[in-house]
């Protein structure tokens, strides 16, 4: 028998009982369509063998869809009222899932190793309707914090989603795109209607999929320097990298370091893959050793 999920009536009744009004400050838009919830879970490909981390579960619409397929779920919720009520919602609608569910009451950007250490299993998948105002910082934080996150599916503002999944040479390609590629491969898995949210947002949304690389591109020290180069390059994206990267590489050495990496100093940020930035980072490190 199919377990019950939250529909528009249940979402509004639950919000009224808790005296919760979705706020723009927290990026809250509650999903009210069970069919969309099941679509997201299906595209995420999670099941009973997965330990899922969910960010911003809200009233539990997507949470119930994930627990419905047998997955273990750890939800990260910043709102104290919602965090307190979520276990009750799971017990009421899917009592058999209660032991597979827990809430960590914190800001996702403050999530730390010690809060994850006591989990029954380290998260293997991220499935979330991310708060639209901080979706990219949250993604970057989680990917660095939780190396066991092998794959994910997140719902984000369309403009942000296309930027994350963009490749070099496209108009959407930017620092978030390059940094995301350090961790794995990204793609647009689908779109969702504004009508499945309450309140109806003023922007379109997309589903972005992610699969982590089998092996890291480099060391943590290399990642830090590579991201520093990415930030510098895209901060002055209209300039050639021989100019844009001078704050990091030094005005006297920038051209030589870039050429040693096999990259044209006349290239611009939007032309470079993350591996190109990594090559420049390694070239600088090698220059410091000479």
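Just so you know, glycine gets a Cβ as well, placed from its N, Cα and C.
Taken from TrEMBL, the feature S-adenosyl-L-methionine binding site covers 29, 31, 56, 77, 107, 129. Over all protein chains present, the Cβ of residue 31 (S-adenosyl-L-methionine binding site) has 24 other Cβ atoms lying within 10 Å.
Per TrEMBL, the feature domain 'Ribosomal RNA adenine methylase transferase N-terminal' maps to 36-214.
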Among 29, 129 [binding-site residues], residue with fewest other Cβ within 10 Å: 29
Segment-level pLDDT (mean, integer) for the domain 'Ribosomal RNA adenine methylase transferase N-terminal' (36-214): 96
Span of 29, 31, 56, 77, 107, 129 around S-adenosyl-L-methionine - largest C-alpha separation, Å: 20
Fewest other C-beta atoms within 10 angstroms, as judged across 77, 107, which are the binding-site residues: 107
